[in-house]
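Trainee: Before anything else, here's the structure in question.
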Amino acid sequence: MLPPGSETWSAKIRNFSVGARHNEALSLFLGNLQCSLGFKPNHLVLAAILKSCAALFAINLGEALHGYTFKQGYISCQSISKALLNMYAKCGKLDDCQKLFGQVSYKDPVIWNIILSGFAGSRRHSNEVMKFFCAMHLGGDAKPNPITIATVLPVCARVGDLEAGKSLHTCVIKSGFEANNLVGNALVSMYSKCGLVYYDAYAAFKSISQKDVVSWNAIIAGFSENGFIEDAFKLFSWMLKGPTKPNNVTIATILPVYAFLDKNVAFHFGREIHSYVLRRAELVEDVFVCNSLVSFYLRLGKMEEAECLFQRMKSRDLVSWNAIIAGYASNREWLKAVDLFRRLLSLDTILPDSVTLVSILPACAQLQNIQIGKRIHGYIFRHFVLLDDTILGNAMISFYAKCNDVIAAYRIFSMMSRRDLISWNSMLDAFAENRCDTEFLNLLQMMCSEGMRPDSITILTIIRYCVNVSKIEKIKESHGYSIKAAYLLGDIQPSVGNAILDAYAKCGDVEHAYKIFQSLSDKRNLVSYNSMIAGYVNCGSHDSAYMIFSKMSETDLTTWNLMVRVYAENDCPGQALHLFHELQAQGMRPDAMSIMSLIPVCAQMASVHLVRQCHGQVVRSCFDDVRLTGALLDVYAKCGAIESAYTIYQSNPQKDLVMFTAMIGGFAMHGMGKEALSIFCHMLDMGLKPDHVIITAVLSACSHAGLVSEGLKIFYSIEKVHGLKPTLEQYACVVDLLARGGQIDDAFSFVNNMPIDANANIWGTLLGACRVHHKVELGRIAADCLFELEADNIGNYVVMSNLYAAEARWDGVMEVRRLMRTRDVKKPAGCSWIEIESTRNAFIAGDFSHPERSFIYSTLRTLDQQIKNQFSYDLVNA
């Protein structure tokens, strides 16, 4: 065995360091020191060990060796000075590096390059790099070499100092370095990053005499990053024809370029690249290349190809897992993303980082998987380095907000050490979405007090909050701030302008909405037009909505749905149906909202045939919308098809309050009180709390079926059991319930003892009951109240007149008719209709326009005669 400290040991240490076997070099050196107290390494060994310290970032040992070299008098040795400078530069100890640099008497290009590369490695010291280079250039003792130029040029690109870059290029030409690969590649990269790729970068590329793979990679990346996609392809094809073979960086550079092409074309070229990779063993084994291919397939939505490649990879790093998990999440494959995340957690060799967690949290939110989200939260707490990650904190806020846990979201927000604008916007969005009005305003005030300037996303969130609470003044404030901040002018796509327009429209201020609409002028898009139409529809200005519609050069399904609704609400069922057919003729597929817009038309036309068509469209399109199902149930009932309504009710496993209300209302309409009561009891057994609408519906059902005691029991339970205050409509139902049951005096007493003043509906109900039960005096009291509340309602006068006539009170009849003449009240023509073979037939009093009128009146005369003959026969044989 060789004695410690011998020349062989020293040579072995130097060889290990030169061969990049730095751990072995350090182990051998430290072992030597322990075995032989008299071992004194020479300057060559110390320089080698300092090089290993730099490679392994062993700053403590390096500093100790610095002290040793100083004591031994080696500090003036150039190899030691360079090694110490290099060690401090590589380990990021730039202050010590600069101090030692100042102590070095003789500075050759190597020493200058060490100090330049050290400071160039830190983005915070770009200015110092330029100062050092100027000092070197002006000093004249050491001239810049290709390594110097290649070190400084990337700094010029980083700070965007094109003038400095061009000055360096001048030095390159004067020095004759232009054909040098290292310098040429740096020039190509610098010009590309400064946006001068087409002439300057390409000229520098052509000047390189012996182009290597780095040269090709730099120019291809430059063209693709600056948007010259075709030129990037062209250069890549030239490279393939030449002697230089693409490497892993080339493949990773060219694959994202295909994302700008049509998906099918991109997929075709991507497969060709994949085939090329498979023909070269070193690329097949390269994790970097495989990760690029996986990301490429995922970007195109080719999940099977990406998964197949991922499974075949012989080695995977964290980038591989992050790519596949993020790919599944971005392609809405939430369950697969979570499954892969679980597989990653089961590995002992790879731990998730912030990128992994940011990718998986949206999938957990979509699946409402709060458990995995909480596990991730715990993982972050156990790894302190993740606690300071602002992007990850923002993702956690978004996760908890989407899982409706606003308290947890705010807890995350409060604990964040560094918040950016996204943090504030995410938390504001969470409060707005969950209607936390006070918290929203407090947070907005806190944001402004901390000097955080709202951006367009903040404004959009504020506008949404204003719409939720219908605060038109706050919308105007947001509008004014947007004008001052130039958000309306800066928008190429008018997202802020559209949001303000929509907010005004939803809050009923269509005048301001239209002013915004006009101000957008050439920036208007479909959203602008649709918001304006929706505003007019909501406030009943159907003509204005049609005016906007007629000016549109481009429409979408939302536009057509709104216009169907316009005609439906304007009692124009024929036009609404025509528009519905027109949107289908233009190749658009109706959605749930289209059917919802058409359902009122079915009710207007009382057309069961049309309802069944709508129902068929819902079934064929697999629309799973509880509101739509409830609307279909309701319209079936209104069109007389109560069996079909009940079938929908029974077949739907997820019944909500709307569906129960529709079914009870349907039974009430058809006088099926007991059935309505049964549905109501079933709903209460399920634990659903009734609202005023459903209680009114069940009271109406009891009234129509004569279930007086059951109805009264439900009425008195409104306040005592359900904790609600009875509404006027519910009081009217009780009056109708008692009146229909013949308890007119009780009904009148009930009205007089009500805690609120009776309205026209209640007095009208009582008047109708008085007519049926011949209660003239009570009827007169009710009529007098009605004549004051509804002076123009012809029905009230007719009912009172008929009540007087039935009791032969002709003076009363004359008095009512005189009152009608005085108030110029006229009775509109009565109308009824019936659907036969999918055709609606309307009949209006005094109208003779029906095409089959002759046959109809002939049949009526025959029926009338048969009735008279039967009556005469019964009278004779009585």
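Cβ coordinates come from backbone N, Cα and C, glycine included.
TrEMBL does not curate its annotations; it predicts them automatically.
According to TrEMBL, the protein has these features:
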REPEAT    212-246  repeat 'PPR'
REPEAT    286-320  repeat 'PPR'
REPEAT    420-454  repeat 'PPR'
REPEAT    525-555  repeat 'PPR'
REPEAT    556-590  repeat 'PPR'
REPEAT    656-690  repeat 'PPR'
Trainee: Would you mind listing the long-range same-chain contacts of the repeat 'PPR' (212-246), meaning Cβ under 8 Å and 6+ residues beyond its ends?
Mentor: 181, 184-185, 188-189, 191-193, 195, 197-198, 201-202, 205, 253-254, 256-257, 260-261, 276, 280
Trainee: Tell me the residue counts in helix, strand and coil for the repeat 'PPR' (556-590), as DSSP assigns them.
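Mentor: Result for the repeat 'PPR' (556-590), in helix, strand, coil order: 26 helix, 0 strand, 9 coil.
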Trainee: If you average per-residue pLDDT over the repeat 'PPR' (556-590), what number do you get?
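Mentor: PLDDT averaged over the stretch: 83.
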Trainee: Mind checking how the repeat 'PPR' (286-320) divides into helix, strand and coil residues in DSSP?
Mentor: 26 helix, 0 strand, 9 coil
